[in-house]
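Participant: Annotations per TrEMBL:
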| type | residues | note |
| --- | --- | --- |
| ACT_SITE | Y123 | active site |
| ACT_SITE | H241 | active site, proton acceptor |
| BINDING | N21, E50, D153, N155, D240, H241 | Mg(2+) binding site |
| COILED | 317-367 | coiled coil |
| DOMAIN | 18-241 | domain 'Endonuclease/exonuclease/phosphatase' |
| SITE | N155 | site 'Transition state stabilizer' |
| SITE | H241 | site 'Interaction with DNA substrate' |
Amino acid sequence: MMPAPVPSVFAREDLNIISYNVKGLNVREKRTRLLRDLKQYRTSIAFIQETHFQENRAPALKDRNFRTGYFSNNPDRRTQGVCILFSSRIPYIEQATLRCKQGRYIFTKGTISDQTYTFANIYAPNTKQYHFLRSTVASLMKFTEGTLIIGGDLNLALHPDQDATSPQGATPQNRHAKTLRLLHQHQLADCWRALHPTARDFTFYSSAHLTYTRLGYFLMTHHNLNLLNAAEILPMTWSDHCPIRMRLKSPLYRPRQMSWRLNESILSDVVVTDKISNSIREYFQTNETEDVTPLTCWEAHKTVIRGQIIALCATRKKAAMQETLELNRDIATLETRHKRTLDATTYQELTAKRNQLTAHLNRAIQRSYQHYRHMIHEHGDKCEGCWQTF
C-alpha cells in the first residue's frame, strides 16, 4: 500500500493581480481608499498608474497588507507616476528593477517560490502612444526573464470598433494598426480579449465627450496564456477609471497566520454595550456559586464575553460587507446600462450610488485613522516633562 500523503504546510492560491489608474494619490483619503480596495479584492500584486508622486516628495503608500512597493516618480512635478505593490502574503524576492526617469513605467523582476517573473507597469502618454510603446517594449524585452506580465493604461483602444463607443476618435487609425503589429511582433496577447473575444466592455468614461473606452490592459506572451484563469473589468467607484483584474496560476507559498484583536469602535455603539453589559450580568448571576472559586469565575468570564464580542463584531462586519456588496452590485448594473444607453438619468443614479458607497466606506477610513492616532499616542516618543507630572 502507498503511504498516506503528508499534509503540506503550503496552500495553492491564484495570483490575483489588479491594475488601477487612480488619478492622483497625494490626498491621504485616496491612499486609504486604494489600500482598502486592494485588501477587499484580496490583491496579490497591484499595478498603479497616475500616482502623481513627485520624486523626493512622495508620501508613503503602504500598510501591513502591502509593505513592499516599487515606484517610478516624476522628478519635476506632481504628474504621471507608476508603482507596483506586493502583498505581504507574496514572498517576492527582487533581482532587478528598471525605472523610467519621467514616471511612465517601472519594470521589476524576481522570484516567487523559485519561479522567475517580470512585472511591467506602463502608463502611456495621451499622444504618440505607438512611439512610446515601441521604445518601452524594446527596453522591456532586454530586461525580461521568466514569465512576463504587463499591466497598465495604454491611453489607446487597440480595437476601436470593439473597445470604444465612438470609434472615430482623435487617434489616427494607422496608430492602432501599428500598435497591434508591435504587440504581435513580440507575441503579446490582450488577456481580457483572449477570454472575451466578442464582448464589449470599457475602463474609462469621458464625461466631456460622453464616450466609453477600454484603455486599461493586461498583456502576456502567447506561450504563457495557459496560466491565465480569469480576467475581468471591475466597477468604477472613486476613480474615473475601472480597475481591471486577472488571476494566474501561482506557485505554492505559506499562508499567513491571523490573530484576533478587539475593535474598540464597537464600544461607542449603545446597542452593543447594552448586550455586553447584560451578558456580563447574566454570566455572574449564573456562575457565582460555591462550587466555583472567584478566580476561576473571573478568568472564565473573559473567554465567554470575548466569544460574544467576536460574534457581535462578525455580525456587524457581515452587515457592512453586505451593504458594500449591494452598492457595488448596483453600481455595476447601472454602469453596464449607461455604457449601453448613455442615458443622463442613469448617469445621475450611478453618481448617487458612487457617492453613497464613498460615504459608507469613509466611515471605515475614519475608524482606521482613529486607531492609527491611538497607536501613535501609545507607542510614540514622549517628552521627559510629560512623565514628571505623574
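Positions of Cβ are set from backbone N, Cα and C atoms, glycine also.
A quick note: this is a predicted structure, and the numbers were derived from the prediction, not measured.
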Participant: Are there any residues in the same chain, six or more apart in sequence, whose C-beta is under 8 angstroms from the C-beta of N21 (Mg(2+) binding site), and if so which?
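Facilitator: Those within reach of N21 (Mg(2+) binding site), by Cβ under 8 Å and sequence separation of 6 or more, are Q49, E50, Y123, D153, T203, F204, L215, G216, S239, D240, H241.
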Participant: Mean pLDDT, the coiled coil (317-367)?
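Facilitator: Taking every residue of the coiled coil (317-367) together, the mean pLDDT is 87.
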Participant: Would you pick out, from the recorded positions Y123, D240, the residue whose Cβ has the largest number of other Cβ atoms within 10 Å?
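Facilitator: For the recorded positions Y123, D240, the Cβ with the most other Cβ atoms within 10 Å is Y123.
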Participant: Excluding N21, E50, D153, N155, D240, H241, please set out which residues of the same chain place their CB within 8 Å of the center of the CB atoms of the Mg(2+) site, keeping sequence order.
Facilitator: V22, K23, Q49, Y123, T203, F204, L215, G216, S239
Participant: Using all protein chains in view, find how many other C-beta atoms are within 10 Å of the C-beta of E50 (Mg(2+) binding site).
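Facilitator: Excluding its own Cβ, E50 (Mg(2+) binding site) sees 21 Cβ atoms within 10 Å.
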Participant: Which chain-mates of N155 (Mg(2+) binding site) that are at least 6 residues away have a CB under 8 A from its CB, listed by sequence?
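Facilitator: N155 (Mg(2+) binding site) has long-range Cβ partners Y123, A124, P125, N126, Q129, L215.
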